[in-house]
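Annotated in TrEMBL:
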type	residues	note
DOMAIN	A:4-80	domain '2Fe-2S ferredoxin-type'
DOMAIN	A:80-120	domain '4Fe-4S His(Cys)3-ligated-type'
DOMAIN	A:140-159	domain '4Fe-4S ferredoxin-type'
DOMAIN	A:183-212	domain '4Fe-4S ferredoxin-type'
DOMAIN	A:259-315	domain '4Fe-4S Mo/W bis-MGD-type'
Amino acid sequence: MKDSTFSVQINGQEYTAAPGQTILEVAQSNESYIPSVCYHPNLGTIQTCDTCFVNANGQLVRACATKAEAGMKIDSLSKPVKDAQYEAMSRILKNHELYCTVCDNNNGNCVVHNTAEYLEIEHQAYAFEAKPYPPDTSHPFYRYEPDQCILCGRCVEACQDLQVNETLTIDWTREAPRVIWDNDVPIDESSCVSCGHCVTVCPCNALMEKSMLGEAGFITGIPPKLLEPMIDLTKEIEPGYKEIFAISEVEAAMRKSRIKRTKTVCTYCGVGCSFEIWTKDRHILKVEPQEHAPANGISTCVKGKWGWDFVNSEERLTKPLIRHGDEFTEATWEEALQLIASKLTEIKEEHGSDSIGYIASSKCSNEENFLFQKLARAVMGTNNVDNCSRYCQSPATAGLLRTVGMGGDSGTIRDIEASDLVITIGANPAESHPVLATRVKRAHKLHGQKLIVVDLRENELAERADLFVHPKPSTDLIWISAVTKYIFDQGWEDKEFLNTRVNGLDQFKKSLEKFTLEYAVETTGVSRDEIIKMATMIHEVNSVCILWAMGITQHSGATDASTAISNLLLVTGNYGRPGTGAYPLRGHNNVQGACDFGTMPAWLPGYEPIQDDQARARYEAAWGVTLPSEPGMNNHQMVEGIDKGKLKALYLFGEDMAVVDSNINFVDSSFEKLDFFVVQDVFFSKTAQFADVVLPAAPSLEKDGTFVNTERRIQRFYQVFEPMGESKPDWQIFQEVANALGEDWHYEHPSEIMAEAASLAPLFAGVSYERLEGFNSQVWPVTKDGTDSPLLYTEKFAFPDGKARLIPVDWTKPFITGEEYDLHLNNGRLLEHFHEGNLTYRSEGLTHKVPDPWLEISLEEAKKRGIEDGALVRLTSPYGQVKVRAIVTDRVTGNELYLTMNTREDDEMVNRLTSSHHDYITHTPSYKEMSVKMEILEDKGESPLPKVNHRFGNRIPQISVRVEEKWKREDFTSISDLFQIGGDEFGEGNQAN
Amino acid sequence: MAKAIKQIKRIFPTEEELQSKTVNEMLSTLAENREAITTLIQIVNQLHDLGLLKVVNGMLDNLSDVGEIAIQQINQPSMHNTIKNGMNAFKFIGSIPPELLQTFMGGMSNGLEKASQSLNENEKTSLWKLGNSIRTPESKAALSTMFNFLEGMGEVFIQKKEGQQGGEQRWNNESLKSRV
């Protein structure tokens, strides 16, 4: 690549350029400044603002839209060029009043302010004209002020082509153009998913976070009655903008001392978005994403951008609680710790180390998980430690460990973006991994990426897919194997790859014999054409990524189905190259890290088996103890163990198991049987109701630490606030518990815990807080010198001989509920809430968008049963009942239902209905294998989903902002044309030759 | 057996406990800053004696209304001029090189002295003598400086006139030249 670079001259300086780069990109990558307002590195060229005009080889051109050429001479500073830029900026200011000092966006990063200042705008060339539209303040989180809108179209570009929600457009046909939502409806009633992209990219104050308004500046809280005449006065005097800028810069500098900007990592899914969070005391001003954030750039979703109110909720736990009879009473930390130490010691002495279980949190940090497994193993002498990956991706991890050798995504989001063909199976990334989904949607919309979606529901990606396939529930292994067999039958397998890099081919091929097209069509309901089409699409492209989630893993044969996916990728050579690989999408912010750092019954940190004597010896030497060598109980076995009287006590943190485990009626009754139960959480959760001691924990914004996202990317987050009340970071609590149990731990900071983990687990040898400073990240495995591994298996697979393994697998029949249960029950997360909503329901805005859970029922089933939107129904399974309101929708078909899980009400929780059946290898519950019967309590009622929800909106898809329509307007004169007109007026031809 | 319970008995400090805690904290702050606080009280006393505190109190009570009246008063054409002129005056002073101003001011003060001398002497000056005195190097220097000053002023006046006629298109001509 390096050979093909060439050099250009900008203002007499030589710069290196790469093919395909625009002039503006060359300038920016060499830190040479060319003004630009509408251009944004994450969005690309928009061409609306005209401030980037330069003279390139004698032509007046837009730097953002003109490709650099070898030897090009570019001038951005000469008088004529600056005059053209000045004219462009003057046009912008016709749409924008400069009252910077009293503007909440005056924080040193306002693009309009900074560009106007650079161009030395002194006076308004064209008088400011207010637009005939009032501000739109209907949305709970942000507002649009048309009067300040410069019509640059950044927001439209972000909505159309980066988030690809396709809500915003600019209506260029009006006398006064403006940004509109859907078909010009109030923002709150549009298809807007509240991802915040538009607000983040707005180069001025037209789109602003409501949490900023009147809060960010020193005098921006002035009431309008006073503010307006003050603006008038400033305009009237008009001392020249230079003076205004001087004052506003002083004010912006003053703001810096009271607005704290802290880098953090989002805790709402496994994508691992990182951003700055701006705070003033405990008030959250806004979430400010950064271009250089490795996983997300400037992208966020509704929860990451807006969902942090829970941190300041009055319902936070702020003191330890101890159960006394039928009530909890507040206690001191000393009392709580003493009680925990004495009870655990007592139970350990009486019933043995293995009579106590430890359940870790995928929401907490790597350091906290590391310390918790150390507490369980080294202090309490048991391997009974597990985390909630048992509820989701354990089967995927197992499937990958046995085929390619590492239990994580095989590449990064960049590979998913770059892939020729993305296949999602049993996943709904647009809601569960929103920012990752935007990358797929963008590649599909703009760059010709192909998309196959296999799911029971026609989710958003399915609507956009080239091929949407709807198999019968729980039959994925069959059609995947049939596709694989068909590829072999056609001779389309990657022979070279199989020969040189894969073991077990013959035996595997033999195992496929039963998966004929006929068999597959009959058992899966997928048509012959669809199977052939999938095989053909895979065959025709150069790179394939397969993404999957709970639709695969929450089944009786989940590990085998995950294995089948990996087998298919191996057969087609789709590993180890950019744009290829297996991507089990991690659901929680640190479910990957919890597993990586050892809160698993059979694994030490870094996936070394607990039975491995050598590995264990390393830890034993470091910790000065003998570790138990046999794998402990997993979550599922622990609950069973309580029921059977084997497990007497449980220490759980950051996991609402009484809501999210399957068959919770059984889980609840088990919890009741515990002799002693410690629950550590930010809120008084459902699970905490069963506890004997409740410890108040501090969330991510109140501590330091690291998380690992779905890409295996380790990222640091920094403390924003002091812990509320007497709550403490989880790692401090573990240390205090360990010390109450007689240890002598003295970690001062999580970095010391990471250093210890890195020194013991070879997988993380080169991980350190210094290398993770700020927005830096490391993708494991990380070698001692700090080299990380974004793309796995480029040279060898993670087995001793470096070769992957094809593993023959067979279909496991799903759990059959029984004939009277005539409706299939599917369930899952949704965009606006995280799980049961313990955190997200503390946000008024999120609750406004989605107040309640709902049941999706198909048009045909609703018709058959005579029910409408809002009907109240009771669902019954052999394990329990729920009472919920329904929505009739074509997202589901036939007798398949879908129940969302965002509820904290006992009689609405989907896991009242699910069973304890599980994947036969990993014990992950078969959440997706349940049928129910329905009883109608009210045949209609108020819809559980309000009309202000994006699902009722009306998208307006288009590419970018359609700047050509602006150029066609009668009142538009192109700046380069103006150039010519001017020439004629002055009686000189502008043609040099 | 531990059934799920929701009842939490919170121990809230009583009103008295909270108050005495706050009072204690305040007392220790006062003790730590004894000198500053005593001075502050003296100042407050003096302001009170002057009746100023009442004025401020009244303004703060009606801050929004007072602010509105004030801004209305400021938002008048004459005030606009005052402010603009004020700012221009500042700009003007800022634009003069200090050495130059010093020379001029020196000249001015010397001139004033001479002028006042002649006033005091009350001597009648004949036209002839006046004509002769113009020939002195001092008078010549002063007069030619004065003429140069007038010329410079005139230049600005003429520029301004032209600027009003064709200012907006000015750059076209120049940029055109650069292209050719």
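Keep in mind that glycine also has a Cβ here, set from the backbone N, Cα and C atoms.
All TrEMBL annotations are machine predictions without curation.
Taking H, G and I as helix, E and B as strand and the rest as coil, DSSP gives the domain '4Fe-4S ferredoxin-type' (A:183-212) the counts 8 helix, 3 strand, 19 coil. DSSP states for the domain '2Fe-2S ferredoxin-type' (A:4-80), grouped as helix (H, G, I), strand (E, B) and coil, give 10 helix, 25 strand, 42 coil. Distant neighbours of the domain '4Fe-4S ferredoxin-type' (A:140-159): 37-38, 40, 42-44, 46, 48-49, 92, 95-97, 112, 130-131, 133-134, 165-170, 176-179, 187-188, 194, 196-211, 213, 298, 305-306, 844-845, 848-849, 960-961, 963, 966; these residues of the same chain sit at least 6 beyond its ends, with a Cβ under 8 Å from one of its Cβ atoms.
As a summary of secondary structure, the domain '4Fe-4S Mo/W bis-MGD-type' (A:259-315) carries 9 helix, 20 strand, 28 coil according to DSSP.
Note on the domain '4Fe-4S His(Cys)3-ligated-type' (A:80-120): mean pLDDT across this stretch is 91.
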